[in-house]
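**Q** Have a look at the structure that comes next, please.
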Amino acid sequence: MSDYYEILGVPKDADSDEIKKAFRKLALKYHPDRNAGDKEAEEKFKEINEAYQVLGNDERRQTYDRYGKEGLNGAFGNDFGGFDFGDIFDTFFGGGGFNKSRSQRYDDAYDLDSEILVSISFKDAFFGVSKDIKYKIKKPCKTCDGTGSKDKKLNTCPYCGGSGKIVKRSGFLSFAQTCPFCKGSGQIVKEKCHDCAGKGFIEEQVNVKFDIPKGVNTGIRIRIAKKGNISKSGEIGDLYVAVQVKDDKFFVRSADDIYIEVPVFFTQAILGKTIKVPTMHGEKELQLKVGSKDKDQFVIEKEGFENIRTKIAGNLIVQINVQTPKKLTDEQIELLEKLHESFDKTADGIFDKIKNWFK
């Protein structure tokens, strides 16, 4: 599939409004209702919808910009790939005449699946960590049996006649929009339940214990089955844990590799001394090359993050920051002068080459 930005015909720095407008225009153009029997238009419509599901979501867009589609597959478990044709109406017209996914049904006022954000340290992301988190789930109100009505009775919505939809026209197109009064249920309550304020559900605090595997990065979602919201029929959704990894003071992550900048005295760099560098597993020795320069990089293999899928560890890249003294004693100046004199012939030879270049 082409680049998502190319599919929607927008630049990579497009803002959310530009992306939304481009999606709406293309989705209306290629919608199956306007292209009955046209398989090519149907495939194009699917591509457009998938592109918008990524670019229209800030978190997914950031992951896509950084890692491409492969990064989305890892970070979001490919949960954005499927769609139904009602998505376009849900986004722009408040609902459509298509089936809802399992996540939300017309007889429930909330999604079955729930999501929480968990922030962890750089160290916990490297080694993995166990968590015990408190969060809230939605469940049917027992007082009104999930109806939201004081007398537990529901009445037919007078605005949509119980269909749950209101038809709107735009030019030669007709759109079935979710009824804004009954929220698509086709039913309303006369007097609200006091315990749930007419919502039909209450929120309850629960806790869950789970493991975050080593190697996770910001954007990863962990699915915990049967720990989400509860429907009136007793069906339980899943809990999705969105992981956010905090930045470290010294280490910087790039994919599975870790970067660190280490200060090195100029004599250590020139002489190629052995230095000690911090790693996630503790200090390790690193042999510098003779004549090392500022910003030179050295690789310590297998000291990076372990890849969640392949279980292969990345590397630690050490970049040296060569330090030179700002103040010198008389003795140090004398020693450096002697060292400089010993290199005079070499320096003169280099200067002669530069002069010859201009002739």
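Glycine is treated like the rest: Cβ placed from N, Cα and C.
Okay, so Swiss-Prot annotates it like this:
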type	residues	note
DOMAIN	3-68	domain 'J'
ZN_FING	128-205	zinc finger
BINDING	Cys141, Cys144, Cys193, Cys196	Zn(2+) 1 binding site
REPEAT	141-148	repeat 'CXXCXGXG motif'
REPEAT	157-164	repeat 'CXXCXGXG motif'
BINDING	Cys157, Cys160, Cys179, Cys182	Zn(2+) 2 binding site
REPEAT	179-186	repeat 'CXXCXGXG motif'
REPEAT	193-200	repeat 'CXXCXGXG motif'
**Q** Would you report the average pLDDT that the model assigns to the repeat 'CXXCXGXG motif' (141-148)?
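**A** Its mean pLDDT is 94.
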**Q** Other than Cys157, Cys160, Cys179, Cys182, which residues of the chain come within 8 Å of the Zn(2+) 2 site, judged by Cβ distance to the Cβ centroid of those residues?
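**A** Other same-chain residues near the Zn(2+) 2 site: Pro158, Tyr159, Gly161, Gly162, Ser163, Gly164, Lys165, Ile166, Pro180, Phe181, Lys183, Gly184, Ser185, Gly186, Gln187, Ile188.
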**Q** Taking 8 Å from the centroid of the Cβ atoms of Cys141, Cys144, Cys193, Cys196 as the cut-off, which other residues in that chain fall inside it around the Zn(2+) 1 site?
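**A** These residues sit around the Zn(2+) 1 site: Lys142, Thr143, Asp145, Gly146, Thr147, Gly148, Ser149, Lys192, His194, Asp195, Ala197, Gly198, Lys199, Gly200, Phe201, Ile202.
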**Q** For Cys157 (Zn(2+) 2 binding site), which residues in the same chain are close in space, meaning a Cβ under 8 Å from its Cβ, but six or more apart along the sequence?
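**A** In sequence order, Gly164, Cys179, Phe181, Cys182, Ser185, Gly186, Gln187, Ile188 meet the Cβ cut-off.
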**Q** Note down the number of other Cβ atoms within 10 Å of the Cβ of Cys141 (Zn(2+) 1 binding site), including every protein chain shown.
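**A** Result for Cys141 (Zn(2+) 1 binding site): 21 neighbouring Cβ atoms inside 10 Å.
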**Q** In three-state terms from DSSP, label Cys141 (Zn(2+) 1 binding site) for me.
**A** coil
**Q** Pop the Cα-Cα gap between Cys160 (Zn(2+) 2 binding site) and Cys144 (Zn(2+) 1 binding site) into the table, whole Å please.
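**A** Here the two Cα atoms are 24 Å apart.
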**Q** Going by DSSP assignments with H, G and I as helix and E and B as strand, what are the residue counts for the domain 'J' (3-68)?
**A** 48 helix, 0 strand, 18 coil
**Q** Would you count the other CB atoms within 10 A of the CB of Cys144 (Zn(2+) 1 binding site), including those on all shown protein chains?
**A** 23
**Q** In whole Å, how far does the CA atom of Cys141 (Zn(2+) 1 binding site) lie from that of Cys160 (Zn(2+) 2 binding site)?
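**A** A Cα-Cα distance of 26 Å.
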